[in-house]
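Let me begin by presenting the structure, written as structure tokens, before commenting on it.
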Amino acid sequence: MTDYTPDETPGIALRDISKVYSSRTGDVVAVHALTLAVRSGEFFSLLGPSGCGKTTTLRMIAGFEEPTTGRILLEGRDVTDVPPHRRDVNMVFQNYALFPHLTVWENVAFGPKRKKLPREEIRRRVGEALELVDLVGREKRRPDELSGGQQQRVALARALVNRPRALLLDEPLGALDLKLRQAMQLELKRIQREAGVTFVYVTHDQGEALTMSDRIAVMNAGRVEQLGTPREIYETPSTPFVAGFIGTSNVISAPLARIEGAIALLATSADERVLVPLRVPVPPGASISATVRPEKIRLSLHPPDGDRCRLLGVVREVVYLGTATQYVVATSVAEQLVVYAQNDGTADLVPAPGDRIWLWWRPEHGYQLIHADATDVPEEAAP
């Protein structure tokens, strides 16, 4: 899977890299043959559940793991056999590994000092790095005198002061509380944009990936299921796994009734109507799976007019979420469809459990899934 034109040199290029671990019980494939390109200056995220191969991929880029097959290129230079300290990349971990006995300034200056840069150059670089991460004025503090977010920024400054071609981040926000984590997401994106450095960010948190990334590779079982922008990944998931892992998604499966141009009409009861724009051809009588996001569905006491998709259902659960109310509705094509209704004070319909209700949405808000087996959605993707 490549995503760059021939005249471009990607910041990081992975060419058919794989990683196989051997043991007495047999081989374990952590990463299957993987080819992708990260553009220079891009904020690129590897997103997926535990055990999907994202951290192994990052460690192969860093040089901490040797790929079983394939090549790794950094700005056109093959670094597959180059040791980590000579790859011109730096890595930031969830455990920031700051030196507790050194001040902020001394922690950040550690790398340039090891490179034996001139004293004035060290002073200039450290000053620029501290200004970039908004730590000017805290140079003399030690790590135990800093908050978790400040410690994280010290780790970033220490990595960026060496001016790497790429910065690799392995779930660096995982140890922070929710509010601080959300604030640091915006900070990380600002720092990346101002530094102009390629970021490769590993996370299992879909919110982090959607908030910060220019592009996301969604990984599952050692493979990339989908590569795209946050909007593409969320609005047009390619597989049931991606649909289930990114946000909350409803998967609808039903036999094909007929095709009208590029639109499939699914087999439902006479009063119901489900239309799905086709991405790939479907043979007559085949089952089609499609996804529609909960916020795209509307509720009504009566079937809507026109060509809107519509299903009759029974409300099973009503959950107040603050900004929205979640309705779980049983229908003929899905045991449960989730609907989000915004609590903006304009709703004239407030269904209760047991009520019969119509659900409707625009056909263009449904998206055909390539793999029809909806059971591919993992349990850990549940909201």
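Along the chain as shown, the residues are counted starting at 1.
The backbone N, Cα and C atoms fix where each Cβ goes, glycine too.
Here Swiss-Prot flags G48, P49, S50, G51, C52, G53, K54, T55 as ATP binding site, drawing on sequence analysis. Taking a C-beta cut-off of under 8 Å and a sequence gap of six or more, C52 (ATP binding site) has these contacts in its own chain: M219, N220, A221, G222.
Note on the domain 'ABC transporter' (12-246): its mean pLDDT in the predicted model is 92. Marked as domain 'ABC transporter' by Swiss-Prot: 12-246.
Residue with the densest Cβ environment among the binding-site residues S50, G53, T55: G53, by other Cβ atoms within 10 Å.
Using the Cβ center of G48, P49, S50, G51, C52, G53, K54, T55 for ATP, the list of other same-chain residues with Cβ within 8 Å runs, in sequence order, H204, M219, N220.
Ranked by Cβ neighbours within 10 A across all protein chains shown, the binding-site residues G48, P49, G51 are led by G48.
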